[in-house]
């Protein structure tokens, strides 16, 4: 009986440790944020990267004018919504304490109709996000740091 209770307690505690990431992925706005703005290990970070990535995400019908991809560790992005890596910024926004590697894809030409051609701008920037339940749900802007 004691062995069974100990095993149950161990499984319960392990379950608690696994719950937060699972709950985070259950948030549809956070999942949408990651889909549209997160790419851990980009290939290229050039115009071709932008055109391929935007097409894969379905952001080319109509052509989205601008989109920024954040690269690196998603835990650091989530930490912007807490004091760990973020500060209040404006009304209901948070700015990262540290810069992130990003690629911004800007639509070339004026037409929102495909084929979409993008110009890539790669760099390190502090990012501004809107948070919901300590999770980023909207990328407001990115700020170049000198």
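Cβ atoms here come from the backbone N, Cα and C positions, even for glycine.
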Handout entry: motif 'Nucleolar localization signal' per Swiss-Prot - which of 55-59, 60-64, 65-69
Key = 55-59
Handout entry: Cα distance (Å, whole number) from residue 116 (disulfide bond) to residue 131 (disulfide bond)
Key = 30
Completion exercise
The answer, for which of the active-site residues 37, 138 has its Cβ ringed by the most other Cβ atoms inside 10 Å, is 37
Practice task
Whole-number Å only: compute the distance from the Cα of residue 105 (disulfide bond) to the Cα of residue 37 (active site, proton acceptor).
Solution key: 11
Exercise for the section: Determine, from DSSP, whether residue 138 (active site, proton donor) sits in helix, strand or coil. Expected result: strand
Practice task
Taking the Cβ of residue 50 (disulfide bond) as the reference point, list residues of the same chain whose Cβ is under 8 angstroms away and which are at least six residues distant in sequence.
Solution key: 103, 105, 118, 119, 120
